[in-house]
Amino acid sequence: QEIDSQTHISNWDGYVDWRNRPAITNRHGGLLAASFVLGVEVLENLAFLANASNLVLYFSEYMHFSPTTSANCVTNFMGTAFLLALLGGFLSDAFFTTYYIYLISSLIEFLGLVVLTIQSRSSSLKPPKCDQGVPDIPCEQVHGAQAAMLFIGLYLVALGVGGIKGSLPPHGAEQFDETTPQGRKQRSTFFNYFVFCLSFGGLIAVTFVVWVEDNKGWQWGFGIATLAIFLSIPIFLAGSPFYRNKIPRGSPLTTISKVLIAALLNSRASRNSSTAIASIGSSPTAIQTVKEGGQNPNSKNVESIDTPSRSLGFLNRAVSDAPACSALECTVQQVEEVKIVLKLFPVFACTIMLNCCLAQLNTFSVHQAATMNTKLGSLKVPPASLPIFPVLFIMILAPVYDHFIIPFARRLTKTEMGISHLQRIGIGLFLSIVAMAVAALVEIKRKGVTTDSGLIDSAKPLPITFFWIAFQYLFLGSADLFVLAGLLEFCFSEAPVSMRSLATSLSWASLAIGYYLSSVIVSIVNSVTGISKHKPWLSGSNLNHYHLERFYWLMCILSALNFMHYLFWATKYKYRSRSTK
């Protein structure tokens, strides 16, 4: 605290403004600061999804990759972008603030999009056009310097997207005072509307920008994405006077590694001298800590803990009077912080299965819709526009959840949160089971219509509306909202302050692993079902000969097993403070 012009001014402890001066409580942070982040997220996700949702066509039609190679390139690009969110989160925690990581990352993405826009405009930077119907002139796949330019641009975008995803959500969440009930409620609202804005940007991308790319040319699609990320920078900068930025506290990976190595070496070096461990049994502080789930209810962080808690007791060996190496000397606070991070991992792992389901429905559901009647009055809806359904459901559900469901739950349960983070994730995982069951039932109905109409080997549209597919999207869109917003808030609020950006990035890593794993599951299913001269469930060019309903039932069963696995960990988890219960 400082006296300025005889006015009592209090500072945010551990936070600075954009000029690196202490952040002031009544001037920095709050809803106004977070609203700039929400506006930026609309443009950021528009720029990312404008290309990602339609990129497979660009690779096949203009760069002349095969359909399989095109799909793999897009999957690798998406997966890499989401995994790089871990890098963005790590750098935000360790060396830079989320403020600077966002600015650096948006400039990197802008540079990548400029490269892709230039290439798409210039015919000399692309392979020559070819006619698929003329076999005498083979299509030349992009290679050499042209391929280098394509992938440099693409992976600059992936690096930028990763940095933004790893820094923007925690930057917005850091604007709220978590020591007050109002601050925690506003932070919860922020995460709801973050997913809403993410979906709004996606909606513009998969409708307007995709239409521009298909009808006006890819240079216009890339140009719109470039303009969107360029405009996001001054909007973000406009909030600079209002932001409070968390001061980086050094590498969280160093702390985690040091505690793990120290626990391993100390157990070998001095099995008989574990003063800290011996004191646990009789220490009232330790017992209180365990009961409160790793945090004294009267403290904000774990700094006041004098002895390690009993959970994950093998890590307590890192606290020793005679460490195996002086560089590996650990404090109780560091050990407790690492325990908190390790306890997040089972919850994170259980969300991967939902993202597998999302990936499957984004591919097979589009193929299903392509065989059905896609007319909406006189308008023919392209099957590739089906992602509009889950996006619209999320945009409707997010405000309903925040303004109606949560206030009702708070009155009903008499708790601050109404629905806890883990309950919210659990609801989402349960809805994913329902989504896969509905998908299986819709496919059974579709195949029934195919058989009754005698159109099994015909390319004609089936006499059944594609709106049946909307049911599985309804449940899956709802599941995605519950799990993504719940996991973002859970990881941010539960992680130690020094590791929050990295922990929040786990939500995006779950998405990446889910996409990668979905491809593995399809390959395994085809390998197993193709044994003994049987036809694999998911092979061939005609979807009517697939056993897609069996595959959906399998995904439903796997989701149910995953849900039971989640319940085991969720019931064992102890929150750091009562406020999140």
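Backbone N, Cα and C atoms are what each Cβ position is placed from, and that goes for glycine too.
Database features, via TrEMBL:
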- 31-59: transmembrane segment (TRANSMEM)
- 71-91: transmembrane segment (TRANSMEM)
- 97-118: transmembrane segment (TRANSMEM)
- 190-212: transmembrane segment (TRANSMEM)
- 218-239: transmembrane segment (TRANSMEM)
- 344-364: transmembrane segment (TRANSMEM)
- 384-404: transmembrane segment (TRANSMEM)
- 425-444: transmembrane segment (TRANSMEM)
- 464-488: transmembrane segment (TRANSMEM)
- 508-531: transmembrane segment (TRANSMEM)
- 551-571: transmembrane segment (TRANSMEM)
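Across 31-59, 344-364, 384-404, stretch 31-59 shows the highest tally of CB pairs under 8 A with the transmembrane segment (218-239).
Ranked by the number of CB pairs under 8 Å to the transmembrane segment (190-212), the listed stretches 31-59, 71-91, 384-404, 464-488, 551-571 are led by 31-59. A contact between the transmembrane segment (384-404) and the transmembrane segment (464-488) is present, since 3 or more of their C-beta pairs, 6 or more residues apart, lie under 8 Å. The transmembrane segment (464-488) and the transmembrane segment (97-118) are not in contact, since fewer than 3 Cβ pairs between them lie under 8 Å (pairs 6 or more apart in sequence). Stretch with the most C-beta contacts under 8 angstroms to the transmembrane segment (344-364), considering only 71-91, 97-118, 425-444, 508-531, 551-571: 508-531.
Residues 346-347, 350, 353-354, 356-357, 360, 364, 422, 425-426, 429-430, 432-433, 436-437, 439-440, 443, 521, 525, 537-538 of the same chain lie 6 or more positions beyond the ends of the transmembrane segment (551-571) yet place their CB under 8 Å from a CB of it.
The listed stretches are 97-118, 425-444, 508-531; of these, 508-531 has the most Cβ pairs under 8 Å to the transmembrane segment (71-91). With a cut-off of 8 Å between Cβ atoms, the residues of this chain six or more beyond the transmembrane segment (425-444) that come close are 347, 350-351, 353-354, 357, 361, 365, 368, 419, 468-469, 471-472, 475-476, 478-484, 486-487, 490, 548-549, 552-553, 555-556, 559-560, 562-563, 566-567, 570.
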